[in-house]
Structures are given as structure tokens and as C-alpha cells.
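As recorded in TrEMBL:
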| type | residues | note |
| --- | --- | --- |
| SITE | ARG17 | site 'Transition state stabilizer' |
| ACT_SITE | TYR22 | active site, proton acceptor |
| BINDING | ASN73, HIS79, ASP86, ILE100, SER101, ARG110 | substrate binding site |
| ACT_SITE | HIS99 | active site, proton donor |
Amino acid sequence: MNILVIHGPNLNMLGKRDPKLYGAFTLEHLYEELSTNHFPEINFTFFQSNFEGEIIEVIQQSLEESYDALLINPGAYSHTSIAIRDALELLEIPKVEVHISDVENRESFRKVDYIKDVCNERFMGKKIDSYLEAIQYLLNLED
Ligand code: DQA
């Protein structure tokens, strides 16, 4: 199974962000947890960008590649980006949105989520476990 994993802005700063919200792990550690420790059978492609247009281009390019599923944590773009939403709508493969923190129980502006209804499912609030649950969900879809 080939999964494209996209992270949006400021997620390259994991490890330096508020550990109460985001834990103490780095993005590299998260990649390692997913690809080596939990799902060695999955072929992950990891991408992170602080730029909306770059994220959109990677989503568009994925149409030309053979991904089975997409996992995205759009960071703050979840709450602002109709353009990322429109790009995701192009993809027919299963898509999951993931958040490390519980965006429903933080500031009210984080309750706005332009991404959630173009994804099959949303996982949040469980730090690394949000990702593990999301990938398990994608694996279950394949069965
Ligand atoms: C986040 C939640 C967003 O509201 C925030 O802007 C982030 C991280 C999360 O994973 O909890 O950067 O996507």
C-alpha cells in the first residue's frame, strides 16, 4: 500500500511547539514511528510545506502517481484553505484528515474546518495515536 502523507505549515516545528497541545516529538520522529515502528509494510511518501501553493501542487501531482490513499494534516490551513479543499476534491482515493490536538475543543476559529467533508474521516486529539488510528482506518478500507 502506498500512502502520501502531507503536513502543512508549522508542523516542521514539532518538538518546539507547545508540548501540552502537540507532544514533544519531532516530525522526523513521527515519520519513524509510522514507517518503521508501526507500519513497516506500508510505503509512505512524506511531504511537509509551509506554503499553500506547494501543498496544492503536490496534491495535483499525486493524480499522476499510484497512491492508494492520502493522509493530510493541513495545520492551520484546515481552518482557512478553500484552495486545498478544492485540490483534495480532485482525488478519488481514500483521504483522511489528521490533527495532533483536539481542534474541536480549542479556540472557536479552529472549529471551522474546510477539509473535513472532502475526506473520508477525521482523526484528532490523540497526538501520534491520531495518525495510528487514521492509518488503521485506511488499512481496514483495503480489506
Ligand atoms: C493542528 C491543529 C491546527 O489548528 C494548528 O494550526 C496546527 C496543528 C494539529 O495537528 O493539531 O498547526 O493541525
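Numbers run from 1 along the shown chain.
A Cβ is built for glycine as well, from the same backbone N, Cα and C atoms used for every other residue.
TrEMBL does not curate its annotations; it predicts them automatically.
Features per TrEMBL, on structure.
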residue: ARG17; record: site 'Transition state stabilizer'; Cβ within 10 Å: 15
residue: TYR22; record: active site, proton acceptor; Cβ within 10 Å: 18
residue: ASN73; record: substrate binding site; Cβ within 10 Å: 25
residue: HIS79; record: substrate binding site; Cβ within 10 Å: 16
residue: ASP86; record: substrate binding site; Cβ within 10 Å: 13
residue: HIS99; record: active site, proton donor; Cβ within 10 Å: 27
residue: ILE100; record: substrate binding site; Cβ within 10 Å: 24
residue: SER101; record: substrate binding site; Cβ within 10 Å: 19
residue: ARG110; record: substrate binding site; Cβ within 10 Å: 16
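Contact annotation for recorded positions (ARG17, ASN73, ASP86, ARG110) versus ligand 1: ASN73, ARG110, each with CB under 6 Å from a ligand atom. Taking ASN73 (substrate binding site) as the reference point, the recorded positions whose C-alpha atoms are within 10 Å of its C-alpha, out of ARG17, TYR22, HIS99, are HIS99. If you check the recorded positions HIS99, ILE100, ARG110 against the residue listed as 'active site, proton acceptor', the ones with a Cα inside 10 Å of its Cα are HIS99, ILE100. Whole-number maximum of the Cα to Cα distances across the substrate-binding residues ASN73, HIS79, ASP86, ILE100, SER101, ARG110: 24 angstrom.
The distance from the Cα of ILE100 (substrate binding site) to the Cα of ARG17 (site 'Transition state stabilizer') comes to 12 Å. ILE100 (substrate binding site) carries neither a helix nor a strand DSSP state and counts as coil.
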